[in-house]
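Annotated in Swiss-Prot:
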- Glu36, Arg37, Tyr38, Gln39, Asn40, Val41, Gly42, Gly43, Gly44, Cys45: FAD binding site (BINDING)
Amino acid sequence: MPHSYDYDAIVIGSGPGGEGAAMGLVKQGARVAVIERYQNVGGGCTHWGTIPSKALRHAVSRIIEFNQNPLYSDHSRLLRSSFADILNHADNVINQQTRMRQGFYERNHCEILQGNARFVDEHTLVLDCPDGSVETLTAEKFVIACGSRPYHPTDVDFTHPRIYDSDSILSMHHEPRHVLIYGAGVIGCEYASIFRGMDVKVDLINTRDRLLAFLDQEMSDSLSYHFWNSGVVIRHNEEYEKIEGCDDGVIMHLKSGKKLKADCLLYANGRTGNTDSLALQNIGLETDSRGQLKVNSMYQTAQPHVYAVGDVIGYPSLASAAYDQGRIAAQALVKGEATAHLIEDIPTGIYTIPEISSVGKTEQQLTAMKVPYEVGRAQFKHLARAQIVGMNVGTLKILFHRETKEILGIHCFGERAAEIIHIGQAIMEQKGGGNTIEYFVNTTFNYPTMAEAYRVAALNGLNRLF
């Protein structure tokens with residue numbers, strides 16, 4: 001006689017990964033419950049990560065645009081906003097996103113349970129509810145989508161009012177004039193842009209020898225130059241020895257012997273999976289040192305009835321990929337296998353000011369692979385649309401095979417880069433000879449548009465062939 005469970009599947013976490021899994025499961029007729037630790041759905045992406053930081057970035061970039069536009073501004077009338085004012089804009093966006101996502105679950109009759117989950121045995125969870133009560137839930141299968149949080153080294157006092165991580169920075173109430181950012185990854189670079197855009201002095205401490213080393217080197221160099229030009233001080237190959245919190249700021253002692261002082265510190269060096277409270281040892285699962293789980297191509301853990309998606313499995317740690325992972329895991333969970341798979345070339349969007357976005361191979365990778373590629377470039381300053389809106393900083397670079405004309409990689413630096421990249425991505429994904437740089441020469445673009453950069457870059461690249 002088959003065992004009777006409360007649910008076919010329980011999803012732990014309501015971020016993009018959990019939402020993708022839950023929606024995929026209910027659409028296939030499964031009885032599903034989603035457990036969310038906090039009062040509102042959406043996870044770290046909606047409340048502390050992607051959404052608030054991008055809303056912040058947008059507000060700051062519009063202020064910069066206004067102040068740099070000679071039509072609207074003069075030296076006696078600069079537009080200024082406090083950090084608190086800009087955070088209010090982010091709060092409005094978060095509330096809209098939360099209401100929308102809550103509606104998804106309600107429309108699809110997907111039960112949301114609030115509390116902290118922990119495993120008792122292979123098919124049983126205990127839920128510690130906010131009112132102090134404890135519920136026991138059973139399910140045939142589970143999806144762990146509990147996300148990640150900023151990594152906290154034990155020798156840094158994050159309770160100090162001037163020491164922030166990428167979550168707590170969103171509750172900053174004072175107006176810093178000088179910020180130290182430790183960690184020059186995506187989050188560190190994005191916040192360096194935001195603070196510098198608000199006229200705050202920024203020291204960016206990079207533990208490596210260049211910014212965002214996974215990017216094409218020209219894109220990384222462009223960001224470094226732009227930071228240098230705007231006044232961000234970057235210190236490469238540095239690690240902290242000691243961090244001291246004072247009444248009026250923070251002092252950082254570096255292993256190289258340097259000392260830095262600023263009004264506050266944003267520690268943005270690494271993230272760790274939210275798995276420590278799940279009691280995974282009770283179901284025979286182990287995490288790595290970063291609290292992450294290993295999974296196979298169908299997102300199954302070492303326990304075949306337990307799946308994991310999103311930040312908790314590490315790379316690529318993108319909201320966009322997490323949603324797709326959840327959808328694929330839901331298919332595998334119900335049908336035993338998944339016909340869908342994550343695409344090979346996942347686009348990267350980095351929301352610095354200006355943006356950076358890329359898809360496919362870098363020049364360095366193609367050179368190492370000995371692929372005979374050629375480069376096509378378009379500078380934004382030569383596009384009519386960019387001239388009209390004053391977006392002169394930026395470039396689009398297309399890498400293509402010089403013999404087959406196949407597009408191998410696209411890299412964009414400049415405003416709207418994360419939108420522009422998808423035009424090229426759509427052509428790269430075409431099968432049966434459809435992936436060719438000649439498409440951009442043979443198609444008609446609206447004029448004037450930023451998309452026209454593809455035609456300019458394609459002509460530039462094809463003109464290099466002989």
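Note: Cβ is positioned from N, Cα and C throughout, glycine not excepted.
With a 10 A radius on its CB, Gly42 (FAD binding site) counts 25 other CB atoms from all the protein chains. Counted within 10 Å of its Cβ, the other Cβ atoms near Glu36 (FAD binding site) come to 22, all protein chains included. A C-beta separation below 8 Å, combined with a sequence spacing of at least six in one chain, links Asn40 (FAD binding site) to Thr46, His47, Thr98, Gln102.
Other Cβ atoms within 10 Å of the Cβ of Tyr38 (FAD binding site), summed over all protein chains shown, number 13.
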